[in-house]
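Annotation source TrEMBL lists active site, tele-phosphohistidine intermediate at H13. What TrEMBL records for E92 is active site, proton donor/acceptor. According to TrEMBL, the substrate binding site annotation covers 12-19, R65, 92-95, K103, 119-120. For H189, the entry in TrEMBL reads site 'Transition state stabilizer'.
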Amino acid sequence: MHKAAYSVTFVRHGESEWNKMNLFCGWHDVGLSEEGEWDALEVSAAALKRENMCYDIAFTSCLRRANQTLDIILKELNLSDIPVRQLWRLNERHYGALTGFNKRQMADIYGEEQVQVWRRSFNVPPPAIEPTNPYYHAIKNNPRLRHISEQDFPTTETLETTMERVVPEWTDSIIPEVRGGKRVLVVAHGTSLRGLVKHIQDADIMKFNLPNSIPFIIDFDESMKMVGGIRFLANDDTVLKAMEKVASIGGK
């Protein structure tokens with residue numbers, strides 16, 4: 001077996017206000033809920049502290065829920081001075097016309113199976129967001145997203161199209177830092193991180209659900225091939241429960 005030459009730490013942001021209300025969020029820029037802030041401190045940062053983790057550079061998206069999670073982690077680890085790169089290509093997947101709607105309601109209207117296909121299939125997109133969606137203009141006019149060109153600005157995405165933007169960022173921006181000997185932390189979103197894991201593992205991840213807040217580490221050999229499995233910094237039972245929570249459409 002190849003020996004690990006590098007490792008990268010990944011964290012999915014803590015619970016957001018819209019996670020709490022069971023709404024499709026995507027590119028709408030909501031902050032963390034109180035529980036999400038607590039999780040960033042008591043789950044994410046605490047687990048990294050226990051492992052004595054230290055970082056030289058961090059990567060995150062342009063969305064507040066990921067940025068807040070990262071800020072809380074870095075402050076707790078006394079690393080607030082390290083360089084942070086906010087990259088829109090690490091944003092959550094755009095949920096199109098589902099944005100702002102309750103997952104349970106959508107399942108009642110379109111059927112559970114259809115909604116799970118939109119959530120978890122590789123290449124079946126939800127309908128595109130229209131200007132009539134109450135959050136359309138808030139997303140388009142978000143100052144954090146203004147630098148994104150019209151042709152790059154999505155109106156709906158799948159895991160496949162999310163990967164088409166996330167993977168080049170991994171290859172062009174993150175891997176060079178890892179190879180350069182930097183200790184790297186990536187704080188992003190459920191689908192952008194699922195896409196990265198799929199690329200790294202080259203595996204079917206239809207049923208792979210990433211829990212909020214629990215950090216995980218992936219080791220790599222000299223050629224940046226994955227060594228061993230994904231290491232979650234929590235006990236198996238905690239990870240399993242958190243994964244089940246993410247998988248569920250919810251009864252709300």
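For all residues, glycine too, the Cβ spot is worked out from N, Cα and C.
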Report, in whole Å, the straight Cα-to-Cα distance of H189 (site 'Transition state stabilizer') from Y95 (substrate binding site).
13
If you measure W18 (substrate binding site) to E92 (active site, proton donor/acceptor) at Cα, how many Å is it?
13
Which recorded positions are spatial neighbours of H13 (active site, tele-phosphohistidine intermediate) here, meaning Cα within 10 Å, out of R65, R93, R119, H189?
R65, H189
What is the total of other Cβ atoms whose distance to the Cβ of S16 (substrate binding site) is within 10 Å?
27
Roughly how many angstrom lie between the C-alpha atoms of E92 (active site, proton donor/acceptor) and H189 (site 'Transition state stabilizer')?
5
C-alpha of R93 (substrate binding site) to C-alpha of H189 (site 'Transition state stabilizer'): distance in Å?
8
Closest of the binding-site residues to H189 (site 'Transition state stabilizer'), Cα to Cα, picking from R12, G14, R65?
R12
Can you count the other CB atoms that lie within 10 A of the CB of G14 (substrate binding site)?
28
